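Trainee: For reference, the structure I am asking about is given below.
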Amino acid sequence: MFPLSIASQSPVTKLSPDNPKIKIFSSNKLSLLKPVPCSFHKKNPNTINNPSKPKSYPFSSILIAPDQVSPKKGKVSRGYEEKRGFGHLGSQQMLALCGLGYWMQGFRCFPWLALNFHMAHNLNLHSSTLQLLQNSGNFPMVAKPLYGILSDALYTGGARRIPYILVGVFLQVLAWGLLALIPVAREALGILMACILISNLGASITEIAKDALVAEYGKKKRLGGLQSYAFMALAVGGILGNLLGGCFLQKTPPKTMFLVFSVLLSLQLAFSSTVREKSLGLSEPSDHNLVKKSIWENIRKQISDLKTALNDDNISCPLTWIVASIATVPVLSGSIFCYQTQCLHLDPSIIGMSRVVGQLILLSTTIIYDRFWKEVPMRKLVGAVQFLYACSLLLDLVLARQINLKLGIPNEVFACCFSGLAETLAQFKLLPFSMLLASLCPQGCEGSLTSFLASSLCLSSIVSGFLGVGLASLIGITSGNYSSLPVGILIQFLAALLPLGWIHRLSMSKPIVEKERRRGMSKRTRKNRRVGRVVFGSIYVYHRERESDSDSQR
């Protein structure tokens, strides 16, 4: 019997004199190895007792290095985890980093709910002024392509994603900490606006770094469902944020909620600082490239790569559709929020619970999409979602006309169940586009393209908000007069149907992500059948070659 070495990094192997294709260990190194009995000997003991049948694996044990076997995991579980891509420490760190980051992103509704009530009730801002501040605070997010290009081109300490996450989280801690601890920051409108801008600047930097990290890691490890996992974490954070936000507002002032969120951000900052990109298995810059290329050359290269990617119709057509579908709908969120709190006198817990119901629906639809709707052509799926989104806007008309009371449904129940549905559908509509662009993103351009997408979506949202402010002023919606609100809602509904007119810009073919995954699976399956390898965790035994060699020796 020949002792077969499967330790790929062992420097002490040598060729067998009887069979040059088989490597054996020198005798003075065998003490470093331990035998692992093969499971097929237990099933067929005659293989060992009858050496005249070499086709039944002509070796009794496999010698492997001790660092190749985990003492805590069996062969089956280890092999499954490696097949899924979650078996290594780096993958577990990535899942924790991604899950916590997107959970905190969804949990941002917790302090923002308190901030909206603080501006509407404590500062007595007009509904149009409130919506204007909300949309103006999003201007730092328009510069996301700059952050993405810097993230792709500029390495900091040998890393180009996690350092930007740390910077963004720190800026958020600073902004919300000032609002929590300094009273004048909450009362002076100028300082309040500055804190909002700093907070959104940090959030935009963090989001771009996370999105690029997810896209880069998902392509490298072939994990097509990582975006769905991120959306699930985002939805869970939104559920808890709105649920706890409504409860906190009844018992504590807004500054306490700002402080709680600052503490959670500090915990995220501490955890993110312990993760190294090297442990995630991501690419690192070579010393040659660092010396040869300057920062400006890298930035110019990233801009050129971004232009090349945007010239691709497979990327530009979906991108223009989703941006136009958001920008053409005037949003009346500020007016509807003030109407619900000032005219209907809805409790903050009701507003929070309506968002919780919406996030629960978002979580459920994300899971269903990940399991069943990935194979649905994008044009059909997005067209159906857009139509449902337009119809969901009419639910606010039911509340404004008090039709629900005629049907025997109280305002609290109707607002809790249906007020957050339109926002939920608008968020879910982004998921297919995020997965599509992540799969089409060229290597090394993940941060630039995802940031351009996020910036375009943010800019379209700002345009939509300003259109809503203009519409409210045009039809005469004020803090004391909401009689024209139903007309504004009808205009919203008609505007939301307009994107269906250019839905043909979206592809009718199956999503690229699913195609690539199936093609990769089929290639691996064919390779396994052709080579005939047996997998035991991380041990690969190529037995057909051994059998042919044994037959030729006989």
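Cβ from N, Cα, C; glycine included.
Remember, TrEMBL labels are computer predictions, not curated facts.
Grabbed the feature section from TrEMBL, which reads as follows:
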TRANSMEM  162-182  transmembrane segment
TRANSMEM  189-209  transmembrane segment
TRANSMEM  229-249  transmembrane segment
TRANSMEM  256-275  transmembrane segment
TRANSMEM  319-338  transmembrane segment
TRANSMEM  381-399  transmembrane segment
TRANSMEM  457-477  transmembrane segment
TRANSMEM  483-503  transmembrane segment
Trainee: Can you see whether the transmembrane segment (256-275) and the transmembrane segment (162-182) are touching - at least 3 CB pairs under 8 angstroms, only pairs 6 or more apart in sequence?
Mentor: yes
Trainee: So, taking each listed stretch (229-249, 381-399, 457-477) in turn and counting its Cβ pairs to the transmembrane segment (319-338) that are under 8 angstroms, which one gives the highest count?
Mentor: 457-477
Trainee: Give the nonlocal contacts of the transmembrane segment (381-399) in its own chain as ranges (CB under 8 Å, at least six residues past its ends).
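Mentor: For the transmembrane segment (381-399), the far contacts come to 321, 325, 332, 336, 340, 344, 373, 411, 414-415, 418-419, 421-422, 425-426, 428-429, 432-433, 486, 489-490, 492-493, 496-497, 499-500, 503, 506.
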Trainee: Using a Cβ cut-off of under 8 Å, list the residues of the same chain at least 6 residues beyond the transmembrane segment (483-503) that approach it.
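Mentor: Same-chain contacts beyond the ends: 321, 324-325, 328-332, 335-336, 339, 379, 382-383, 386-387, 389-391, 393-394, 396-397, 400-401, 471-472, 475-477.
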Trainee: Cβ under 8 Å, sequence separation of at least 6 from the ends of the transmembrane segment (189-209): give me the contacting residues as numbers and ranges.
Mentor: 101, 105, 108, 115, 119, 123, 133, 136-141, 143-144, 147-148, 151, 161-162, 164-165, 167-176, 178-179, 447, 450-451, 454, 458
Trainee: Are there residues at least 6 beyond the ends of the transmembrane segment (162-182) whose Cβ is under 8 Å from a Cβ of it, and what are they?
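Mentor: Distant Cβ neighbours of the transmembrane segment (162-182) are 97, 101, 111, 115, 147, 150-151, 156, 191-192, 195-196, 198-199, 201-210, 213, 255-256, 258-259, 261-262, 265-266, 268-269, 272-273, 275-277.
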Trainee: Let me spell it out: take the transmembrane segment (457-477), skip the flanking residues so only those 6+ beyond its ends count, and list any with a Cβ under 8 Å from a Cβ in it.
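Mentor: That would be 127-128, 131-132, 134-136, 138-139, 141-142, 144, 204, 322-324, 326-335, 430, 483-485, 487-488, 491.
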